[in-house]
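> Before anything else, here's the structure in question.
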Amino acid sequence: MKTLIKNANIYQKGNFIKGEILIERKKIVKISGGTASSSYLTDKVDKIIDAKGACVFPGFIDLHSHLRDPGQTYKEDIVTGTKAAAHGGFTAVCAMPNTEPVTDNIASVEYIQLRAKDYGSAKVYVIGAITKQSAGEEIAEMATMKAGGIVAVSDDGKCVQNARLMLSCMKYASNFGLPVIIHPEDYSLAGKGQIHSGKVATKLGLSGIPGLAEEVIIARDIMLAESAGAKLHIAHISTARSIELVKNAKDKGLPVTCEVTPHHLVLNEEANLTFNTNTKMKPPLRSEEDRRACVQALQEGIIDCIATDHSPHADFEKEREFDLAPFGIIGLETAFPVLYKNLVQTGQIDLNRLIEALTTAPAKILNLPGGILAEGKTADLTVIDLEKETLFSAENILSKSKNTPWLNQWFPGRVMCTICDGKITYLDSENE
Ligand SMILES: NC(=O)N[C@@H](CC(=O)O)C(=O)O
Ligand SMILES: [Zn+2]
Ligand SMILES: [Zn+2]
């Protein structure tokens, strides 16, 4: 099978070159500038995709997705979650273990891998639990899960409260070379908080989750990781002080990395004023100062990468009283257009940094392949027309869940086609 992408603006080390990409089986075999070689390349090609001047980027890599499979497949499953990924330009996602049952054993790891291999539209890397059932009481079977191919451990959705247990978990994980991904939340400080403790929570009379709930765990876990010799990755960082803690750790040369979500980069606590439950997530949307600190830290590289924290929840769960609705929003399909519009078009982040934060940066953190468009590399790529718009309507969203604050809004940047392992995983109706 040979596929040719023609009339493309190919992203190459921060620059665009006009040209063509020839894919044979799983690999990119030729990238050529201009159209002079067109006749040579079109020779015996099975499929031609006319990019019509759209950009070709390396496939995006998400370190943080909740695919809900097994156990909560009314929200999402591996088939729909990876379709949503492909629609968002992603060719690889890491599956968080807070499924039912929790991914804390080798059989659960293999289930996800096999389903994804047979029915997925993106590569799925499995993250195993830190503790059994993510209950924060006993260390999970990391050794067997590592042998089965997990790429990291995390109790995301929950946070190991006991420092002594966390230290043991980190020592254990580091023995197997497994990075530890934390969801930093001190329960005693977070309490029953609904949104960020700040002026909006006061105004609305909702209980707050202070930034401190995140910051004390980040401070603790940086110290524990240093002592255990573990590689620490901080999920969904959201406050200026958290960023300062990470900066200090990095300055000391510690192997500490962190990610930020698109929503923490473009929204602040004011979004909660609408009482829209699709503005409710963990960590909560923070103050404008915190949001700005996140943007600046991303541009400077203190924040390493962007991760979606794709957290699908069904309509019947979200369409209820604010305090009873679950935390979380979908993110795979909205990530690129939302970031492109709010950060790149406004000049807050440059396109190169955005692409890096969605490709090479996440790949580096968990040592995953991909992130680069080059001859001889696996053909994982996405074709995005920056001149075209996309509408996040319930109809267009391929995720089973539609819980996004950007529902029914138009954004610039339309994914025309995504290719994973040389196979088309998403094709816009215009290109069919
Ligand atoms: N982010 C969220 O608000 N929710 C996530 C859990 C998590 O990422 O902590 C979920 O699984 O729904
Ligand atoms: Zn989390
Ligand atoms: Zn999460």
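Cβ atoms are placed via backbone N, Cα and C, with glycine included.
Annotations in TrEMBL come from automatic prediction, not curation.
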> Based on TrEMBL, name the residue from H183, H196 that is recorded for the same Zn(2+) 2 site as D156, H236.
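Checking H183, H196 against TrEMBL: the Zn(2+) 2 site match is H183.
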> According to TrEMBL, H64, H66, D156 bind Zn(2+) 1; which of D309, D315, D323, D350 is also listed for that site?
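Among D309, D315, D323, D350, only D309 appears alongside H64, H66, D156 as Zn(2+) 1-binding in TrEMBL.
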> Hey, TrEMBL has substrate bound by H66, L67, R68, H313, F327, G328. Any idea which of N98, N105, N276 it lists too?
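According to TrEMBL, the candidate sharing the substrate site with H66, L67, R68, H313, F327, G328 is N98.
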> Give the mean pLDDT for the domain 'Dihydroorotase catalytic' (55-240) on the 0 to 100 scale.
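It averages 98.
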> Indicate whether H64 (Zn(2+) 1 binding site) is helix, strand or coil by DSSP.
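H64 (Zn(2+) 1 binding site) sits in a strand per DSSP.
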> Quick one: among the binding-site residues D156, D309, which has the most Cβ atoms sitting within 10 Å of its own Cβ?
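Max Cβ neighbours within 10 Å, all protein chains included: D309.
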